[in-house]
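Q: Quick one: this structure, given as C-alpha cells, is what I'll be asking you about.
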Amino acid sequence: MAFPKTACWGWESLKGGLQIPQLPKLSVLYSLGNQVKTVNNFLLRYGDIIKKTLLIVAVFIIFYLIIFKIIPFLMPFVVALLLAVIIDPGVNFLEKKLKVPRGLASFILLLILIGVIGSLIAISITQLIYELSSLAEISTNYANTINDIILNLVDRIRMYYISLPPNITSLIESNMQSILNYVSLFAKNLATWLLNFATKLPNFFFMTLITLVATFFISKDKQLILDFIKRQIPSHWAQHAKSIQVNLLKTFFGYLRAVATIMLITFLEVSIGLAMIGFDYPFLLGLLVTIVDALPVLGSGAVMVPWALYNIIMKNYMVGIYLLILYGLVVVVRQIIEPKIVGQSIGLHPLVTLLSMFIGAKLFGALGLIIGPVFVVVFKALQRAEIIPPWK
C-alpha cells in the first residue's frame, strides 16, 4: 500500500531541509588507491637508497660540525687529549713497572714533554737566527748586484722617458703611484698584523696554560674518564664503539704510513734532482723541501718556484729551468702515487680516494685533501660497525 507523500511526516519539508551528504564517486576512491599504491611501490623500491642518502647527509653534517665548530671551540682540550695520548705509554710504564703514583708519573712525563718541545723550539729559533745571519752576509753581494741592475734600469728609463708620448708618461706615472700606494698599504697591514699578534700573546699563553693543566688531569684520571664514558654508552652499542675505535686507529696509522711513504719518495726525488743540478748539500735541501711539501697549505712549490725565479732573475737561466722541471716532476709523481698509496694504506680504492680528495678540496680548500679521505674512512668505519647499512 502506498502512502501519500504529504502524510509521511512532512515529506516535502524533509526533502527540502535535510542535506544528505553525497558519497565520493568510485573513480575518486580508485584514483586515491592508485596513488597510495604508487607511493608504497616507490618506497619499497627506493626506500633503502633514500635511507642511505639521508644517513650520508646526516653523517656529513655531524662530521662538518665536529671538524669546523666543536674542535676549534674546544681546541685546548683537543690538544690536551693528543698530548695525553703521547705521554700515556710512559705514564703506564712508570705506574706499573716502577710503582710510581699515576698523578706523579703524569706530572713527570708532562715536564719531560714540555722540555723536549721547548728545546726543539729553542734550537729551531737559534738555527733560524744563524741561518738568517748567514743569509744576510751572503745577500750583501747580491744586494749590490741588484742595486746596480736597478740603477741601470733607472738610467735607461730616464733616457727614454723624455722621448715618450704624453699618454705613455702619464701611464708610467700612474703605475708608479699605484706601486707606492701598494707599498704604503703593505706597510700599514704589516703594522696592523704585528699589533694584533702582540695583543693575542696573552690569550696564547692562557690557552697554553689551560692545555697543560687539561693534559695533566686527562692523563692522571684516564681510567676514571674511560669508565664514565663507558657508563654512558648503552650495552648494545659497546661492541659497535669498540669496532669503530679499532677501525679508526688502524686507518689513522695507515694514513701516517702513507704520508711517510710519500715524503720519502719526494725526498729522494728532490735530493737526487738537486744533486744532478749541482747544488751543495742536496740532501739537506731535499729534506727542507719535503717538510714544506708535507704541509697542505704550502707544498713544494712554496720553495722551488721562488727559488727557480730567483735564479732566472740572477741570469742563472739553466738552473732556474732545471728547478722548474724538477718541481713539475715532483707534482706529477705526487698526483699519480698519492691516491694509490693513501687508498691502499687506509683501505680505499684509489678512485674513491681521488674522488674524496677532489670533493674535499672543492668544499674546504687545501685542508679538504685530508678531510675528504678522513670522512670516507669514518663512514666506512660506521658501516663496519653496522651503525650505517653497508653497500650491497
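Cβ atoms here come from the backbone N, Cα and C positions, even for glycine.
Note that TrEMBL annotation is computational and uncurated.
Feature annotation from TrEMBL assigns transmembrane segment to 53-71, 77-95, 107-130, 201-219, 252-277, 283-310, 317-337, 357-382.
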Q: Counting Cβ pairs under 8 Å that are 6 or more apart in sequence, does the total for the transmembrane segment (283-310) and the transmembrane segment (357-382) reach three or more?
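A: These two stretches do touch.
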Q: So if I exclude everything within five residues of the ends of the transmembrane segment (357-382), which remaining residues of that chain have a CB under 8 angstroms from its CBs? That is, six or more out.
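A: Same-chain contacts beyond the ends: 56, 59-60, 63, 67, 243-244, 247-248, 251, 255, 296-297, 338-339, 342, 346-348, 388.
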Q: How about the transmembrane segment (252-277) and the transmembrane segment (201-219): at least 3 CB pairs under 8 Å, pairs 6 or more apart in sequence, or not?
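A: Stretch pair does not touch.
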